[in-house]
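Quick look at what TrEMBL lists:
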- 64-157: domain 'Pirin N-terminal' (DOMAIN)
- His96, His98, His140, Glu142: Fe cation binding site (BINDING)
- 210-314: domain 'Pirin C-terminal' (DOMAIN)
Amino acid sequence: MRASIYRNFLFRLHPTTTAKASKITNHTRNIMSESDQSTGFSTPRLVTKKVLAKLQHEGEGAVVRRSIGRSELKFLDPFLMLDDFSVCPPAGFPDHPHRGFETVTYMLQGGITHQDFAGHKGTIHTGDVQWMTAGRGIIHSEMPAGEGEQKGLQLWINLSSQDKMIEPGYQELLSDDIKTAEKDGVEVRIIAGKSMGLQSPVYTRTPTMYLDFTLQPRAQMNQSIPESWNGFVYIIEGEGVFGKPTSSPVTAHHVLVLGPGDGLSVWNRSSKPLRFVLIAGQPINEPVVQYGPFVMNTQAEIDQTIEDYHYSKNGFEMAKYWRSQ
């Protein structure tokens, strides 16, 4: 897609936003039976905000449920956006740019084929993760790798001002390489950070934990979170009780913003499994100015980024010649 057409299409969906860093929290865990209602934390984290991820169109024909990055929750430092996406051929996310942050794509079903203007190309399948550092600039495409519905989560993580113009890079984890632990009806996949004594090999430039939990009926889990970090939960399927045992159950497709504290407790009191991701990160505490897929600290830096992209310079040199295949 030609740059001018794409920019009109993309920036219409992501208008310019300015935010100030907000202040709102890995270690190990304790797993208990539901009969034990204690949390094991000196200051348990409670849910301070609940946002339903609503359907909207993105890319070309794709549908996403966006939670972080919409009017109800524009920004949760260091997290810029969370999309629960669903795409069927020929829909997808054709050639588009990024600068100033990282994207984490976690496949829940099917596969996505990625290629960029630096020659990197590959496909991630169910359970795989691609952790992409856009840094000073990248143009890439993300398209469905097979027939039928391809589903996953994409998280945008901000970079500090000193890291925004670093060279792009990738970390990719196959599903079989993601460390998994299980105890007392609780299973966790450790995408980033640490849980149940296991540490992910992923390097997080902005310190981040990303844990995929599945709780069987009547299971409970406790997960420590650094007190200075902001954290949230996104429920993929089922329903659960979060924060304290007297809270009302919350159902799928909700984001739950967590208040201050040193850990989170969750109970599954339903008759079906509960699956959710617990994500937390160290706040950067810097100004955020966003124009679509460009995230910088000042409007002047955004203006420079638009010029760099338009004139194919300062990290976007290949934009003039490259088109995905």
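Yeah, the Cβs are placed from backbone N, Cα and C, and that goes for glycine too.
Values in this document were obtained by computation on a predicted structure and should not be read as measured data.
On the 0 to 100 pLDDT scale, the model's mean across the domain 'Pirin C-terminal' (210-314) is 97. The local packing around His140 (Fe cation binding site), expressed as other Cβ atoms within 10 Å of its Cβ over all shown chains, amounts to 23. Taking a C-beta cut-off of under 8 Å and a sequence gap of six or more, His98 (Fe cation binding site) has these contacts in its own chain: Met132, Ala134, Gly137, Ile138, Ile139, His140, Pro293, Phe294. Residue counts for the domain 'Pirin C-terminal' (210-314) under DSSP, helix first, then strand, then coil, are 12 helix, 51 strand, 42 coil. Other Cβ atoms within 10 Å of the Cβ of Glu142 (Fe cation binding site) number 28 in total over all chains. Same-chain neighbours of the Fe cation site beyond His96, His98, His140, Glu142, judged by a C-beta within 8 angstroms of the site's C-beta center, are, in sequence order, Phe93, Asp95, Pro97, Thr103, His114, Asp116, Ile138, Ile139, Ser141, Pro293.
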